[in-house]
Structures are given as structure tokens and as C-alpha cells.
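Here Swiss-Prot flags S90 as active site, proton acceptor, drawing on similarity to another entry. Positions annotated as substrate binding site by Swiss-Prot, on the basis of similarity to another entry: G91, S92, D252, G257, T258.
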Amino acid sequence: MRSSKVIHVVGCHAEGEVGDVIVGGVAPPPGETVWAQSRFVASDNTLRNFVLQEPRGGVFRHVNLLVPPKNKEAVAAWIIMEPEDTPPMSGSNSICVSTVLLDTGIVPMVEPETHMVLEAPGGLIEATAYCKNGKAERIRVKNHPSFADKLDAKLELEGYGTLTVDTAYGGDSFCIVDAHALGFSIKPDEAKDFADLGMKIVKAANQQLGFQHPTNKDWSHISFCQFAAPLTDDNGTPSGANAVAIRPGKIDRSPCGTGCSARMAVLHAKGILKVGDAFVGRSIIGSRFDCRVEAETSIGGRPAIVPSIMGRAFITHTAQLMVDPDDPWQTGYRLSDTWPVWKQD
């Protein structure tokens, strides 16, 4: 067996969304901050392509790289690699990272609760793990400040006419549309249609509405389309199913933590949720995040909320990713039969 590289990975998913974690074999990227390190990963693409492209990966996966924290308050930091983006934050990936840190002993577990400060590329988050018998059973993540950007905005979409949408930020940037108004029910057999239409909506939203984070000049686009079903009552708690289309054209299997945070920010801005209120986010496969509006805050002069999300993650495997020096496809490849071609016109 020959290999010029060995990367150690712990496989994990959070409520259905794959968020594997690199625990060894990769040196920290250059950069004075975790955000700068993530910009290097985003522009270089060598690591992302190696772990996400075939034959080692696929468009359905995310991979997280553990790095030493830059902020002394944090016990660990990580960089999120999605198929197309390297975002400031991810809810499902933060739950995967927290679970791997504790279940593998990288960070000592304290039962019944372990409190951690972690450093995402976009800043610090607080994670509380509810632990029993050596397992982190649930993780509650207090997310970055989240805010509504444009409410009830008009979006022209070819073949559909004028849509009424909301744009918001919940650790990443979203265009939120009414799933039922477009004829969807948030069911697994709609996933391909969600992915295809979602990418058209993302392109149109970037062209017509745009987005600029008030304090992060580098984040100046809308990443995702969230198809949101109308609110229902879940034993007295507002609940909303969703399907989030992720670039280049896949559907989040989890309820999407940043998407739930963005939707809560919109619901708060519209007076539907207040501080202390709970919200249940449900995914296209029926998994759930238990969410809450923790506090009101502001960011860059904008009203915002501090949301939290809670869910489960499960370790699926460990792996050593290798590369044979004679392999003609060492960096991997992608084909449009499974990996959609993304281009923002």
C-alpha cells in the first residue's frame, strides 16, 4: 500500500445531513484568523476537491476541518467545506463537530452537560452537549446574530411570475419562499424539483435583491433558497417544515440550522416570535431541530436575534483518505449526472 497523503476522518451526520470531520493529517491553513484560513481554503480548493469530489466524496457531503482556535475563549475551531461554499457558520455541521469532539475524547466530556465555546469562521458560538453514558445525545448551539434583510420582497422568476419572498441571515444568507404557493408539500419525492427550482431562485435573488452582511464585507451573496411550509402547531409550539436548496443543487437532509435561524429572524421581525419563544424546524426526511429565540441584539446597526438550535448527531464511521502516487485522478473529479453545474449568471 502506497500513499503520499493520509487524512483521518470521523464520519458523522446531524439529523440526516452528512458533516464529516477531519481530525488529523491536514496542517492548519495560513491565516491570522479562522475566517482568513477559511478564505484560503475557499480560494485554493485543493482540500475541498480532495475530500468532497469523487472518488472519495460526493455532492451530498460536507466536510469540516478542525484547526486550533485563534480566540483564547474557544476550545476548538473548524472550517466548513460545503460542495460550493465555505460559509461563516453551519448549524448541522456545528452539531457534528461538537459530537465528534466529545464522543472521540478530543474534548473531555462532562455528564450530564458539557459546555463548550467553539470558533466557527464567522465567530464564536456556544455549544451545550447533553451527555449520558459517554455519548453526546443532543447539542444545543447558540448561533451568531441573525437578522431579516428584506421582508415581503418581490422577485420575478421566469415561468412563475412574481414571487413574494423574504431574505435573511442566520449564519448564512437565504431567500425564503412559500413552498405551498409553489405547489410543494415538503416530501422526499420533491427533492430534485426543489434543488432545480431552488438554484433558479438563488440566481434570481442575487440578481434582483442581493445581500451584503453588515460587518463581513466578504459575504455579499445569497447562498441558499429555503422552501418554507406554513407554520403548524406542535403541542403549542410553532413548527415549520422546510427544504433548503444548497449550491450547486442539492437539498439539506436536516432542518438546516442556519435556515431555521434565518426563518426565526424573519418571524421575529414580523412579530410572530418573541424572545423566549420556541420553534420546531422539520426537514424533508422528517428530522427536527428544537430552536429558540434566546435574545434580541443588533449587528452593524440592524435589529437581530440570538437564536439557538438543538439536534442530534451520530458517528457513522472512521476513514483514512489516501492517494496513490500513480492515481491519474488524485484531486478527484465531478460529473453532472450527480454534481450539478453551478454558475451565477
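Every residue gets a Cβ built from N, Cα and C, even glycine.
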Site with most surrounding Cβ atoms, counting all protein chains shown within 10 Å, from the binding-site residues G91, G257: G91
S90 (active site, proton acceptor) versus D252 (substrate binding site) - Cα distance in angstrom: 11
Mapped DSSP class for D252 (substrate binding site), helix or strand or coil: coil
Three-class DSSP secondary structure - the residue listed as 'active site, proton acceptor': coil
Diameter of the substrate binding set by C-alpha atoms, the set being G91, S92, D252, G257, T258, in angstrom: 11
Cα-Cα distance linking the residue listed as 'active site, proton acceptor' and G257 (substrate binding site), given in Å to the nearest integer: 7
Nonlocal residues around T258 (substrate binding site), in sequence order (Cβ under 8 Å, 6 or more apart): P87, M89, S90, G91, N143, G170, G171, D172, F174, F224
Neighbours of G91, S92, D252, G257, T258 excl. site residues, C-beta within 8 Å of centre, substrate: A14, E17, S90, N93, S94, G171, V244, S254, P255, C256, G259, C260, F289, I309
Local Cβ density at D252 (substrate binding site) - other Cβ atoms counted within 10 Å: 28
Mapped DSSP class for G257 (substrate binding site), helix or strand or coil: helix
Surrounding CB atoms that lie within 10 Å of the CB of S92 (substrate binding site), all protein chains: 32
